[in-house]
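Undergrad: Handing you this structure, nothing more for now.
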Amino acid sequence: MFLFYLNILLVILEFVQGSGYFEIQIITIHNPRGEVMEGECCDGVRDGNNRCVKECNTMFRVCLKEYQSVITFDGKCTFGNITSSVFGGNSFTYPIGSNNSRLKLHFEFAWTLTYSLTLEAWDQDARLDDGQIIERASYSGILLPGPDWYTRTHNGPTASLIYRIRVVCDIHYYNTTCTKFCRPRNDTFGHYKCDSHGDKVCMEGWMGSECDKAICKTGCSHGSCDTPGECR
């Protein structure tokens, strides 16, 4: 009996709690002078032609928060944040679909549809604890969960960026907020699969909202059954 109620409780919790992830892929950064935002070289050294001697060690910081009409770069990243490893030098391009430049922010709440994103490119500098900022981009908008990517561009004073974003519900979670839960099962608590909308589709021989009522043998109008096709 304890396991019965525990199972029901888990189903309820899974239904009301959303689960998914915000994903960003860095496609391109173009930093032709190899400088940080303040105009200095990433390594602080120039040659006789006033060109930066060494390339930047470019990494990225992502901050996701609630929708802001005017985005601030300070404050809490209420939806999450993540920092990448070094992706490349001054300028580089990753192929569309590459897994090497993707960053994921997992969430366990009902996706809000609206959001604000800040993306910062940094030089990972061994001389400094946190490096130096190269460029920062921001975007606010609406994003529905799904497999499709949406490309964004940023042309800043130091560098230009191309990146793409999407929101994906975790497996077994559906709808625009990733809160509809449906996991196929074939046991005492139900016999069903899930369609693309997260609706339960009863297996052959079963009916009911949880697909836990057997369909008795044809003509069994006054009998009953525990398994499909029976009559007693």
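Just so you know, glycine gets a Cβ as well, placed from its N, Cα and C.
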Undergrad: Can you look up which of Cys182, Cys202 is joined to Cys194 by a disulfide in TrEMBL?
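TA: Checking TrEMBL, the candidate bonded to Cys194 through a disulfide is Cys182.
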Undergrad: Pick from Cys202, Cys220, Cys225: which cysteine does TrEMBL list as forming a disulfide with Cys211?
TA: Cys202
Undergrad: Of Cys178, Cys216, which cysteine does TrEMBL list as the disulfide partner of Cys169?
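TA: Recorded disulfide partner of Cys169 in TrEMBL: Cys178.
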Undergrad: By DSSP assignment, list the helix, strand and coil residue numbers for the domain 'DSL' (167-211), in that order.
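TA: Looking at the domain 'DSL' (167-211) with DSSP, the answer is 0 helix, 20 strand, 25 coil.
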Undergrad: Nearest to Cys194 (disulfide bond) by Cα distance: which of the disulfide-bonded residues Cys169, Cys178, Cys211 is it?
TA: Cys211
Undergrad: Count the other Cβ atoms sitting within 10 Å of the Cβ of Cys169 (disulfide bond), across every protein chain shown.
TA: 22
Undergrad: Cβ distance under 8 Å to Cys182 (disulfide bond), same chain, sequence separation 6 or more: which residues?
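TA: Counting only residues 6 or more apart in sequence, the Cβ neighbours of Cys182 (disulfide bond) under 8 Å are His172, Tyr174, Cys194, Gly198, Asp199, Lys200.
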